[in-house]
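Chemist: Structure incoming, see below.
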Amino acid sequence: MPRKERDAEGSRSSSRRRRSPSDSDSDSDSGGSPRRGRSRHRRRSRRKAAPSSSSSSSGASDSQASGSGSDSGDRRRRRSGSAKRGGVTEEQILEYMSKKAQKKAEKVAKKMKANAVSGYSNDSNPFGDPNLTENFVWRKKIDRAVTEGQKVDISVKAEKKRQRERMAEIEKVKKRREERAIEKAQHEEEMALLARERARAEFQDWEKKEEEFHFDQSKFRSEIRLREGRTKPIDVLLKNLNFADEFDVELNEPYLVFKGLTVKEMEELHDDIKMHLDLDRESQVNVKYWE
């Protein structure tokens, strides 16, 4: 081998030996640095994500607790928001649900048979209802229940139950009405009886006062006739009883007054004696005298 070639070979081998292990490490580091960088980045992101995940889990639990206490109004607002985003408002939804419930109620009413209220008909009833036996659909009540979010049970079974309750209530009202009518009739009869008794008592009192007035007037007229000398048979009897001391007249036996009387005068005297017998009861002496 020539000398020049040997020198070149020796320089190459020496240069290989002079390369340090650090250079090879740096080369290997430069070749694997992208992979190690990515792994370090993942570790850092995991460490950062750990607290955030814990905070998010605690936040989720808090939101769940608060959500459990929220009312139907929040759900309605969320539904309204989602409905508005979809182009349909909450009012339209409620209107649709109300109409649907009303149609269902009408179908149920058609399936039900007409009710016959005992003693009442569409033409003759105290309620003035021409549709008493027809099944009624309370649209406003259904609409209000749907708007307030209440559950509306619209079925044939539920309607039959409500129908029985209504019929029972109508029968109760009818019974109370009949009882009140009986009580009113009894009260009116009692009041009429009291009025008749009061009128009878007033009439009797008035009649008694009238008789007393006529009795006083008869005594007054008898006194006038005695003063004027125009005596009648009854005046003679009154004179013997009351006016003996007051008038200067001769007293005779009472039975002598009947002598020489005509039939008409006898009848008139009889009526006068009867009147004094009924009214002149101031003392037992007067009663015995007229008897």
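For all residues, glycine too, the Cβ spot is worked out from N, Cα and C.
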Chemist: Which one of 160-204, 205-249 shows up in TrEMBL as coiled coil?
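Modeler: From TrEMBL, the annotated coiled coil range turns out to be 160-204.
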Chemist: In this predicted model, what is the average pLDDT of the coiled coil (160-204)?
Modeler: 87
